[in-house]
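Colleague: First the structure, which I've put down as structure tokens, then a few questions once you've had a look.
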């Protein structure tokens, strides 16, 4: 009987828990079927469409349960289902009173059936015949033998078949329970399937006659029921007991709605009994709700270790003998069933798409260690190992990580270089400013020092020239002290000193200075010729001058002629001007000495003529030019001078 009004109440209070399904959605699923309920359906439902009579053999025995069970099983297997039939065992003690009530109802139904047959009322015959139907033990044994020959597994429950089916789903040995009794939900089945009969096929929605509730394949999900009703499993069990079950009587006046409200308010039957109005709700004296609760929570079922589910090959010859000889089935019909059975078994071996998308579980460390040991013990194969798809993916992942790391490192290096460049620029600006300030101070000091040194050098050169002239004149006019040879030696020493001074001068003169040197040499040579002529004239005219004076003049004339030759030779030679410059300077200086000496002699002995004055003036101008040009400022130690950004002017 199950729970009174439970399916209707769930449809109203928790509609998301019930849904219509197609049989194709159960492909590849193991379905635990209540065999006693199926046999009952076959006995009352498989009838002739016109007479509603049971199928019988020659001796009058009913064979509808055999025909119906075989045809339904083959149809389920053709749709990809894997049925497991569970048979009832001994009924529980709590169900004794319920069985007595069912016996009394069956007797009344038999009496009504006789009257309907006498009257010929077909509708009443159909109605009362269903109430009088009872599945016998013999029918159960015949069904077990048929399923075994077909190779379909069966389970004999120690007690209720619904409770055993529910625990198969808990053990994950079955996907759902197929029965019409709603008490399978109270036993804890995860999914309950109703109306899994011969008419519940994939074409059920196309047939108008199948719009009736009894022919619609429905599925009830226990988890969604509890969620929709907002109850715990213990509260749901107490709620079902109050609604009415096979194990105890019910409280009069309490239906499914009242029971639900009381459970939501008091959470258990004990508190409900304490708080309800006893005058309004009569509690039965033998209300064994606690025992009923225990039978739902801990039913008598087979443990998981004792359950054996074996899919065997069908026994064709034995099956033919059982159907044809024992129960007088048509041979053609039997061969048709057997052929369908063999084809259906191939369909059940197909896997669901869900199995191809299951979540991958991680291996334990023990398994990984064992696998690595096995790999190490295996001998290495010859040849190169081809990279698998997983290896390629790993290599790509490693490359991506390396590229990301390089990109991040390059970005960091750029940022560090930028910071370093900024610091360098700041330090460089500071250092440049400091260097500029220091260079400015040093350049000012160097310019001052250079000017001072220039002035000192000019003064020294002037003093040296004066001293040389004075010494030379004294040597000329003091005949008692020095001889001609002494004068010549002194002049040679002075020339040597001048050459040393000129050698120390750096080669800082450009092309223009070299040209000026050559021009001055030409002018000086002409002047020397004139001076020599004048000196000869003066020597011939003056007879009162002593021999020493003439000797000195002659020596000077020879010296002047030698200097003239030197200057001409330097002009003709192609030697570098660096080597000629000191000689030219000495020649110019010696010529100047002779000019001064001759001028002094002329001033001392006789009046100066116009030619002599012109020569003297020319020599003084040349002397000024030479001193201005030949004695520029230049630092003594060129190596110690720092390199400047600008060129130093001489």
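Every residue, even glycine, has its Cβ placed from backbone N, Cα and C.
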Colleague: Under Swiss-Prot, which of the candidate ranges 349-357, 358-366, 601-609, 610-618 is annotated region 'Interaction with PCNA'?
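Modeller: In Swiss-Prot, residues 349-357 carry the label region 'Interaction with PCNA'.
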Colleague: Report the candidate from 88, 234 that shares the Mg(2+) 1 site with 34, 160, 162, as recorded in Swiss-Prot.
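Modeller: Among the candidates, Swiss-Prot records only 88 at this Mg(2+) 1 site.
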Colleague: Need a hand: Swiss-Prot gives 181, 183 for Mg(2+) 2, which of 238, 246 is also on that list?
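Modeller: Candidate listed by Swiss-Prot for the same site: 246.
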Colleague: When the pLDDT values for the region 'N-domain' (1-106) are averaged, what is the result?
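Modeller: 82, rounded to a whole number.
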Colleague: Tally of helix, strand and coil residues over the region 'N-domain' (1-106) according to DSSP?
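Modeller: The region 'N-domain' (1-106) comes out at 55 helix, 16 strand, 35 coil.
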Colleague: DSSP on residue 160 (DNA binding site), three-state: which is it?
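Modeller: It is coil.
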Colleague: If you count other C-beta atoms within 10 angstroms, which of the binding-site residues 160, 246 is the most crowded?
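Modeller: Answer returned by the neighbour count: 160.
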Colleague: Within 10 Å of the Cβ of residue 72 (DNA binding site), how many other Cβ atoms are there?
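Modeller: Residue 72 (DNA binding site): 20 neighbouring Cβ atoms within 10 Å.
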Colleague: Counting only residues 6+ apart in the same chain, whose Cβ is under 8 Å from the Cβ of residue 244 (DNA binding site)?
Modeller: 3, 4, 5, 250
